[in-house]
Amino acid sequence: MTIAIGKFTKDENDLFDIMDDWLRRDRFVFVGWSGLLLFPCAYFAVGGWFTGTTFVTSWYTHGLASSYLEGCNFLTAAVSTPANSLAHSLLLLWGPEAQGDFTRWCQLGGLWTFVALHGAFGLIGFMLRQFELARSVQLRPYNAIAFSGPIAVFVSVFLIYPLGQSGWFFAPSFGVAAIFRFILFFQGFHNWTLNPFHMMGVAGVLGAALLCAIHGATVENTLFEDGDGANTFRAFNPTQAEETYSMVTANRFWSQIFGVAFSNKRWLHFFMLFVPVTGLWMSALGVVGLALNLRAYDFVSQEIRAAEDPEFETFYTKNILLNEGIRAWMAAQDQPHENLIFPEEVLPRGNAL
């Protein structure tokens, strides 16, 4: 028996090798295998949003004007969610709702599902792009891991939350004022600001902003003067082997300010990664809880005492009254298909009234 030892070589490349060579070639804009998902989905999501905000009304789904064509501006235009009666339908253009009629599909809110789903896969494609490039240049994949935070928030807010509710109708519409309305809705119907997962999200995002500002200022403060350039940007060679700033000086400064300081760059930068990403993950988990209508902090004893004693009121009980007002005033406007009519005597009023 003869055993041949050596590298197997093919006479000609197959289709996979040809595609792999073209997709991963070094060029000005890297394409990669991830680009097959990223570029089409991003193109369709952005294009669908521009189309919807420019031309498509929300009259048939929300009773609203939502396009530039109807007189909206950048802050008030939106791609609105489908009607509540359509529940969780994917609203495919060729589906039973639109039956291939593009105008009818737009009127029913088909552009929202189009933008939401292509947007989600576009974001996932962007994360895969970071994985692919990191692999190609032999980097760790922490950029992609960090980007999972925004993806988790997008998927939880735009997809998982409405899936837990009665339909896509209760997801945010894609517009500035529409997102603000959704935030008010979250507060009024879920008391979102008192939710511990929201608190962790705020701590993560604002904490990351603080860390970013402190880190940037500290590096600028401890730059070595190695060059004779006129300013910071000309004083260094981008290929220099030496450190650009003094970690020792920075450590001494913050040790004197706070009594503690980061002892090495790895721990410092990991902490700057950990704080915002964990905050985003936690807020995404909280939104998943809201999709299931889970409640967080309910201080019932304070509510009972406030109801019995007109002189007792806390910031919590005031906020509960505010939430009741949001629900009573917002539901009738936000869900016109329900024909909700609240008589004056049931609308909430503060104890002072």
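Here the Cβ of each residue, glycine as well, is placed from N, Cα and C on the backbone.
Range with Swiss-Prot annotation transmembrane segment, chosen from 41-61, 104-124, 251-271, is 41-61. Residues 208-228 are the range that Swiss-Prot records as transmembrane segment, among 208-228, 313-333.
Long-range contacts of the transmembrane segment (41-61) within the same chain: residues 67-70, 72, 77-83, 106-109, 111-112, 114-115, 118-119, 121-122, 125-126, 169, 173-175, each at least 6 residues beyond the stretch ends and with a Cβ under 8 Å from a Cβ of the stretch. Comparing 125-141, 153-166, 208-228 for CB pairs under 8 angstroms to the transmembrane segment (279-295), the maximum falls on 153-166. DSSP classifies Asn143 (pheophytin a binding site) as helix under the three-state reduction. Checking each of the binding-site residues (Gln130, Asn143, His215, Phe262) against His118 (chlorophyll a ChlzD2 binding site), the C-alpha distance stays within 10 Å for none of them.
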